[in-house]
Amino acid sequence: MRGTTHALGAVGAVAVALAATGCGGGGSSGVGGGPGVLSSSWGDPQNPLEPSNTNEVQGGKVLDMVFRGLKRYDPKTAQAKDMLAQSIETKDSQNFTIKVKGGWTFSNGEKVTARSFVDAWNYGASLKNNQKNAYFFRYIDGYDKVHPDSGSQSAEILSGLKVVDDRTFTVKLNQKFSSFPDTLGYAAFDPLPRTFFTDHSAWLSKPVGNGPYTIESYTKGSQMVLKKWDGYPGSDKAQNSGVTLKVYTDPNTAYTDLMSGNLDLTDDVPAAQLKNVKSDLGGRYINTPAGIIQTLAFPYYDPAWNKPGSEKVRTGLSMAIDRKQITDTIFRKTRTAATDWTSPVLGTAGGFKEGLCGSACDYNPSQAKKLIQEGGGLPGGQVKITYNADTGSHREWVDAVCNSINNALGNDKACVGNPVGTFADFRNQIGQHKMSGPFRAGWQMDYPLIQNFLQPLYYTNASSNDGKWSNKDFDKLVDRANAETDTAKAIPLFQQAEGVVRDNMAAIPLWYQNGTAGYSERLSHVALNPFSVPVYDEIKVG
Amino acid sequence: MGRYVVRRLLQMIPVFIGATLLIFLMVNVMGDPIAGLCGERACDPATAAQLEKEFGLDKPVWQQYLTYMGNVFTGDFGTAFNGQPVTELMATAFPVTIRLTVVAILFEIVIGITLGVVTGLRRGRPVDTGVLLTTLVVISVPTFVTGLLLQLLLGVQWGWIKPSVSPDAAFGELIVPGLVLASVSLAYVTRLTRTSIAENRRSDYVRTAIAKGLPRGRVITRHLLRNSLIPVVTFIGADIGALMGGAIVTERIFNIHGVGYQLYQGIVRQNTQTVVGFVTVLVLVFLVANLLVDLLYAVLDPRIRYA
């Protein structure tokens with residue numbers, strides 16, 4: 001019987017331990033509610049919340065509330081407007097003098113000065129800090145020293161940045177880039193307070209910025225409570241008293257919570273709910289263009305896709321895709337058939353040109369068949385569209401695109417999908433140049449400029465030119481456009497460059513992606529900005 | 001008894017090493033973690049190389065494994081890609097999942113065994129048939145269907161509960177998720193208890209106990225139940241590990257930020273450190289739970305002796 005009592009003791013001890021941990025976990029207060037406070041769905045940010053390290057929308061949401069930069073993109077028109085910048089002057093599109101407005105402070109009382117910007121940019125560019133947005137500073141002189149392509153850095157700070165006085169600093173670029181001031185609305189260019197550098201870990205657990213909201217509490221992985229900052233000096237003061245961001249693993253749960261009144265706003269309506277959304281929410285559903293375009297890119301390192309006549313095959317494939325039908329049925333109009341290589345959020349003034357693609361993007365089976373034959377037929381008799389199968393329900397549309405191509409060409413085996421198990425593996429294979437045919441490529445803009453839709457994707461050896469397309473005419477036109485001091489003159493040059501992309505069908509444009517959101521009856525004035533992030537400061541509660 | 005426990009503990013070592021090595025290798029073939037870390041836009045080569053060095057991914061896999069295991073024994077489970085130490089993630093995730101598991105196990109024990117006894121004693125009666133049919137339905141319907149259905153009915157239609165669990169995940173909020181998580185096992189526990197009771201009811205010692213004139217309640221609890229519970233205890237013990245690791249679906253439906261949530265995110269984001277760390281702890285939970293079950297046998301059945 002001795003053994004028996006021992007065993008009982010062991011079991012008892014475990015039970016006590018379980019009970020203890022169980023009780024210890026509870027405690028802290030519930031959902032941060034209260035009048036004037038709204039709750040919104042959120043995803044756990046992938047990276048620490050440093051402005052120059054946040055390149056996805058969930059972290060971007062917070063930065064947009066907590067920070068204000070030199071410029072801010074108008075939530076409606078996407079135009080870059082002065083925020084903290086008093087003036088940004090240049091004579092040669094290469095040397096800029098930036099004056100910061102007075103009267104701005106961080107929420108901890110520290111003044112926003114020229115140094116707040118210069119220090120932040122130096123931190124972001126420096127290789128040793130592993131910042132994912134470092135490449136945003138690549139046009140600043142001295143970037144190759146602080147962030148070399150290989151090896152270790154030979155300088156700590158960008159030689160192109162100079163603080164002149166408390167509120168003035170100069171920027172020297174390593175090339176002419178006329179739209180540089182318009183890129184400064186991106187979060188990577190936000191100013192940072194001294195505490196960011198002096199007490200980094202404390203700052204990360206509760207970031208301090210200069211935006212209309214301050215962070216009240218942050219429980220990593222589950223929720224963040226933001227309060228309106230009453231001392232905010234800007235004109236875009238928050239219209240509500242706070243926002244509680246709640247992390248959801250599954251957008252379906254967020255949607256269910258919205259239905260039951262447990263959540264005020266979800267900015268990701270799951271695909272499965274799109275057919276009910278009208279009856280569930282009525283007018284409380286938003287479906288507006290976001291700066292995202294989906295394309296099919298090609299492997300130009302593969303000679304089969306890079307020989308004379310290939311452009312006819314690519315154009316033929318483009319004409320074999322019935323975009324309208326796919327966006328209407330599969331995506332329920334949360335995508336719009338693409339007719340150029342940019343995005344409607346740019347507006348015609350910003351360089352969006354509807355129909356630039358022309359007949360090459362119109363569904364025309366007979367012409368498609370003809371062009372592919374003229375171009376020497378499909379390489380290997382079949383195209384395989386490679387995509388990652390783990391996220392974003394890509395299978396549905398790839399299958400639909402293939403169906404459309406097969407029907408147009410009257411050949412059941414003309415096109416098949418080639419799923420890759422995980423996104424990381426997909427990126428890996430792209431990086432190692434293992435693509436044998438077209439592959440899924442999506443582009444979310446960094447800043448609403450036509451330059452951003454063209455240069456990073458199609459310029460020779462550009463950062464996101466995954467297919468390694470290279471065309472001298474295109475490069476020349478982009479260089480000329482960047483050197484043009486007058487934006488109104490630069491845009492037609494960019495559009496000319498886009499014409500080169502079209503004539504070679506460097507990538508097949510598929511559709512523009514929309515941002516979707518649903519909200520509760522308590523809210524009004526809800527809108528999504530061009531980055532498909534809700535414009536929180538404008539939302540009114542009650 | 002003591003020697004038995006020591007032997008069992010020693011046996012755990014190779015199992016533990018084998019299991020962690022397997023998961024380490026499996027996670028490594030999922031693809032380049034740095035590619036997952038950087039997301040839709042590939043990091044520039046310099047940053048990628050730097051990150052690889054920082055996470056020790058530039059070394060051969062065996063060396064990575066050894067370093068990792070060395071660190072684990074000093075209590076360092078590495079850093080997740082979002083900059084948080086994995087131990088910090090565990091400190092927030094495990095209490096939540098343990099609470100959920102406790103709720104589920106309680107449901108299994110209380111409802112499962114009670115139903116099992118009732119049906120076992122009334123074999124062939126309408127109660128028995130009814131419960132059998134119900135358990136059959138519960139077993140055949142996948143958990144996510146039960147979960148979503150209950151969430152929709154109780155949360156949205158009738159408004160009895162909140163459809164999602166708050167970050168605190170107090171016991172009260174975990175009742176419905178716990179019931180969903182326990183549902184299938186609960187049905188099995190019912191059926192196991194029922195069969196076991198029904199069999200032992202006819203055994204000699206029960207007849208003797210009744211013949212001695214013992215009250216019916218005493219016969220059932222002290223004699224019949226104690227002897228019938230051995231297979232049930234084995235099942236529930238093994239289920240503790242399964243419930244903790246297998247709560248991914250339930251945790252996702254009710255938005256519970258526990259182990260399942262961290263594992264899911266770790267896998268989706270290719271975060272080797274998180275996945276290996278959590279699985280290592282789950283392996284330990286499995287091993288300890290199994291040992292406890294074996295020790296419990298001796299409590300329930302004095303004929304079983306360990307030397």
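Glycine residues also receive a Cβ, built from the backbone N, Cα and C atoms like all the rest.
Those TrEMBL annotations? Automatic predictions, nothing curated.
Per TrEMBL, the features are:
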type     : residues  : note
DOMAIN   : B:94-297  : domain 'ABC transmembrane type-1'
TRANSMEM : B:12-31   : transmembrane segment
TRANSMEM : B:96-118  : transmembrane segment
TRANSMEM : B:130-154 : transmembrane segment
TRANSMEM : B:174-193 : transmembrane segment
TRANSMEM : B:228-254 : transmembrane segment
TRANSMEM : B:274-300 : transmembrane segment
Checklist entry - Should the transmembrane segment (B:130-154) and the transmembrane segment (B:274-300) be scored as in contact, given a threshold of at least 3 Cβ pairs under 8 Å and pairs 6 or more apart? => result no
Checklist entry - Against which stretches of its own chain does the transmembrane segment (B:12-31) lie, if we need a Cβ under 8 Å and a gap of at least six residues from its ends? => result 61, 64-65, 68-69, 267, 270, 272, 275-276, 279-280, 283-284, 287, 291
Item to check | Same-chain residue ranges lying at least 6 outside the transmembrane segment (B:174-193) that approach it to Cβ under 8 Å | outcome: 99-101, 103-109, 111-113, 115-117, 119-120, 131-132, 134-136, 138-139, 143, 146-147, 150-151, 154, 161, 165, 228-229, 231-232, 235-236, 239, 242-243, 247, 250-251, 253-254, 256
Checklist entry - Taking a Cβ cut-off under 8 Å, which residues six or more beyond the ends of the transmembrane segment (B:228-254) line up next to it in the same chain? => result 97-98, 100-101, 104-105, 108-109, 112-113, 116, 120, 143-144, 147-148, 151, 163-165, 176-177, 180-182, 185, 188-189, 192-193, 196-197, 199-200, 260-261, 263-264, 279, 282, 285-286, 289-290, 292-293, 296-297, 300-301
